[in-house]
Amino acid sequence: MSAEKLCENVYWVGVKDQKLRVFDIIMNTKKGSTYNSYLINDDKVAIIDTVKDGFYDEFLKSIKSVIGDKKVDYIVVQHTELDHSGSMYRLIKEYPEAKVVSSKAANMYLKEIVNDEFNSLDAMEVKELNLGKNTLEFISAPNLHWPDTMFTYNKENNILFTCDVMGCHYCPDGSIKDEGGEDYLPEMRYYFDVIMSPFKKFVNMGLDKIKDLKLDMIAPSHGPVHINDIEESVKLYREWAKEKEPKEKNVQIFYITAYGNTGIMAKHLCEDINKKGVKAEVHEITDMKMEDIVELIADANGVLVGSPTINQDAVRPVWDVLSSVCPIVNRGKAAAAFGSYGWSGEGVPMMMDRLKSLKFKTPDNGLKFKFVPASKEFSEADKFVDDFIGLL
């Protein structure tokens with residue numbers, strides 16, 4: 001791989017990771033990915049974002065193929081996640097006089113990544129840089145998808161460098177200008193759902209900031225650049241970032257059961273909540289896809305999670321659910337745990353602790369009962385429901 005010219009003075013100097021199959025532990029990347037870095041070779045030289053550690057030698061070779069022995073004057077850091085900043089410490093050693101241009105938050109994070117001194121400029125204070133024939137304007141875009149994020153606009157070429165926004169884990173076989181085949185759009189949507197969907201409000205705010213810019217190219221930090229599909233890509237992001245219309249108040253109940261006892265209570269809780277005027281639905285966890293569970297929780301006003309206690313713990317399917325829930329989306333919602341036990345009953349309080357750590361609003365205690373629930377336990381459950389509904 002080598003540098004690729006995008007237009008006069010502007011080059012892609014990123015790297016391709018065609019063998020990547022899992023990103024950030026949580027994403028499947030069957031089409032690989034790219035770590036995009038861009039270089040403006042003008043009177044002054046600017047690099048926009050770097051690449052993941054492990055690809056530095058290839059990255060530096062691409063840089064030098066464009067600028068030779070010229071120095072780099074500016075390193076623009078739009079976002080400090082390690083796939084974009086992992087090689088920063090080596091690049092700064094190569095070009096120690098370069099000024100690092102970033103948001104204040106990014107500068108703070110970089111100090112803990114580079115662990116060395118570097119020259120820096122606050123992008124929001126300088127607002128723009130004149131490189132000679134090219135000007136870079138900086139646009140704050142916080143929480144897309146980190147607090148430090150910003151966009152960079154090359155005014156003369158009408159190129160918007162968007163960091164992760166409108167990016168995609170998709171490694172083209174040829175040019176970085178190749179916009180992909182039929183399999184590209186599903187990967188772009190998957191990327192949005194996993195990375196950007198918790199920040200829909202900020203997606204809309206970011207799109208509002210760029211709506212009046214003339215755009216001939218959108219250059220994200222992953223995947224191909226957008227040239228012929230700019231309008232469509234922006235439109236899709238608007239569509240995907242729409243907040244759902246408020247639904248009827250509802251409680252979603254998810255449970256796992258060993259001998260049926262936690263299931264009996266799950267169904268009783270569902271019936272009682274419905275009787276008291278709030279819509280409730282009950283689901284056996286192992287009958288569902290995780291993405292469907294996550295979506296139901298995101299659309300719910302309240303969540304109940306049930307598990308028996310086995311070997312002093314709740315069982316794994318419940319922990320799988322509780323490790324898939326996004327606190328950014330669900331904080332402040334009502335949630336509680338319930339379940340049957342035989343010996344000591346640690347499962348329910350352990351689930352309650354997890355719900356609290358996810359920023360759910362919880363009652364003081366969950367609902368736990370020994371073995372098979374009967375009239376006494378159902379009466380306690382009805383009081384539990386009253387308290388829970390009060391949190392909605």
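Don't overthink the numbers, they just go from 1 along the chain as shown.
Glycine is treated like the rest: Cβ placed from N, Cα and C.
Since we're looking at a predicted model, the values are computed, not measured.
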Of Asp73, Asp83, Asp299, residue recorded by Swiss-Prot at the Fe cation 2 site of Asp164, His222: Asp83
Other residues, Cβ within 8 Å of His79, Glu81, His145, Asp164 Cβ centroid (Fe cation 1 site): His84, Leu144, Trp146, Thr149, Cys163, Ile195, Ser221
Any further residue of that chain within 8 Å (Cβ to the Cβ centroid of Asp83, Asp164, His222) of the recorded Fe cation 2 site: Ser33, Tyr35, Asn36, His79, Glu81, His84, Cys163, Gly167, His169, Ile195, Pro220, Ser221
When distances run from the Cα of Gly342 (FMN binding site) to each of the binding-site residues His79, Asp83, His145, Asp164, His222, the nearest one: His145
Secondary structure at Ser357 (FMN binding site), reduced by DSSP to three states: helix
Stretch-averaged pLDDT - the region 'Zinc metallo-hydrolase' (32-177): 97
